[in-house]
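A short write-up of the structure that comes next.
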Amino acid sequence: MPRGMPRGGWRRGGGRAISTGEWRRPGPRVAGWTRDRQAGRIMKQGAARGNGKAVAGAAAGADAGARAGRGARAGSGAGAGTGTGAGAGADPTRDIAFDIVLGVLEHRRMLETGLEQSPAARGADARDRAAAHRLAATVLRRMGTAGMVLEPFLKKEPPLPVRVVLLIGVAQILFLDTPAHAAVGTSVSLARRRGLAPFAGLVNAVLRRVSQAGPAALDGLDQARLDVPPWLWSAWGDLARPVAEALGREAPLDLTLRPGAEPPPGGVGLPGGTVRLPAGTRVAELPGYAEGAFWVQDAAAALPARLLAARPGERIADLCAAPGGKTAQLALAGAAVTAIEREPGRMARLRENLERLGLAGQGVGEQGAGEMGRVATVLGDAAAWRPESPLDAVLLDAPCSATGTARRHPDVLWIKRPRDLAALTEGQDRLLAAARDMLRPGGRLVYAVCSLQPEEGPQRARAAEAMGLRPDPFTPEELAFLPEALTPEGWLRTHPGMWAEQGGMDGFFAARFRRA
Ligand SMILES: C[S@@+](CC[C@H](N)C(=O)[O-])C[C@H]1O[C@@H](n2cnc3c(N)ncnc32)[C@H](O)[C@@H]1O
């Protein structure tokens, strides 16, 4: 079990635990049961995979109660042939959500990757995939609270896949608008399809108790505190509570518009120039998307490029560029931009975006230099790349823990560990030193990370100073529309609790420097 997940030590009073004796099959224990990693289900130790008897044969049929309460559309066949054993009872939404959440907790696999890799997602339609994404994200967002709700009803820790089924059930009962009987029934069916039939009775009994308790199950719980792993809560200091409260809400869709473009219908303009639409809006369906009138970019993510203040004709490198939101801002300001990206798949996305926005340049090559208002792309390590001649400015949106994006990517809360920070900050310092060496004297650098961790923000700004970069603080005038984000040092610090009444924003740190 990943660190930071709710454990037995969090037990609270009240409720009645379901004892082992109430489980339908006698004696299911964690010991004696083993994961079949390939099939992603629990098997009795010694049972051969593919043997239909492996824990009730990954029972295909849902029980009568589950059928009666089924909220999901059945029979899409998405589970067929996936090893989930789904047949008549196929429920792609919950199957995919199960794969995603288990992938996050067991393998530290990102939510989006889990969605792509879920066998149940193959052939599932867009609506099921979107519903699964929302369900999995809700589980991950509310996992600490859901774990605490389950606590009084569990005498001992169930195997992780069973816990995942229970969390999916609790999320539906308490945080989504699923009727309780459907949430219970579909969870029991999910357990059966996943080879967890011996635990179906436990799932049924526990979730019935949760649904009987209803919202009262949340009474007295400090939900914001519970839903953030303790190491992050401590690291965020005074920001922890406002950030945690904002993490419980789905993030809206933010767009940056090309100069002169019309905002899509329903879009609300924010002070920084971002246009905001409700969470769940599908960007590709908006009028103007295909024509390149706008691109997806959180209100806070739009700030670092804006604060670099690119001027027409300047030669600028965007060092970690994909998917290209900041690159597009720089190019549309009239700069000759070179965008460097290391990952081929992400570079392909960057190029696609630049094509759609009409910003793709011709000079694609190892030492490519962008033309004015156009972008040259370089596939490679930005720490090793050097321009033909010194640059006017560099934007370094460095790879980081991404904890500032936890509203959109709640998986980061459970995937990242404190020990990941050392490698990340080492990489950030390498890129900072490279950025310094690319600049002409007096040239500007904006360093940015979508992280809330002090190691990746203020501590890196100090490291940059120690490398000889001269601080060039942001001014109150530049941040007049968001004064609370300007720190006494002249850095930018945004977090999800800012502009809370308008829907919040991602957590970003940025600092500006000049080469001496
Ligand atoms: C935070 S994202 C950048 C987001 C982008 N600036 C935007 O606004 O759309 C970091 C990107 O840097 C890339 N990356 C990481 N290390 C890199 C390196 N050493 N050289 C070039 N790109 C790198 C990652 O693949 C990832 O696409």
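Each residue, glycine too, has its Cβ placed from N, Cα and C.
Glu341 is the only one of Glu314, Glu341, Glu388 that TrEMBL places in the S-adenosyl-L-methionine site (with Cys320, Ala321, Ala322, Pro323, Gly324, Gly325, Lys326, Asp397). Between the alpha carbons (Cα) of Gly324 (S-adenosyl-L-methionine binding site) and Cys450 (active site, nucleophile) lies a span of roughly 15 Å. According to its DSSP assignment, Lys326 (S-adenosyl-L-methionine binding site) is helical. Between the alpha carbons (Cα) of Cys450 (active site, nucleophile) and Asp397 (S-adenosyl-L-methionine binding site) lies a span of roughly 8 Å.
Excluding Cys320, Ala321, Ala322, Pro323, Gly324, Gly325, Lys326, Glu341, Asp397, which define the S-adenosyl-L-methionine site, the same chain contributes Asp318, Thr327, Ala339, Arg346, Leu350 within 8 Å (Cβ to the Cβ centroid), listed in sequence order. Following the DSSP three-state reduction, the secondary structure of Cys320 (S-adenosyl-L-methionine binding site) is coil. Listed in sequence order, Ala301, Pro304, Ala305, Asp318, Leu395, Asp397 are the same-chain residues at least 6 apart in sequence whose CB falls under 8 Å from the CB of Lys326 (S-adenosyl-L-methionine binding site).
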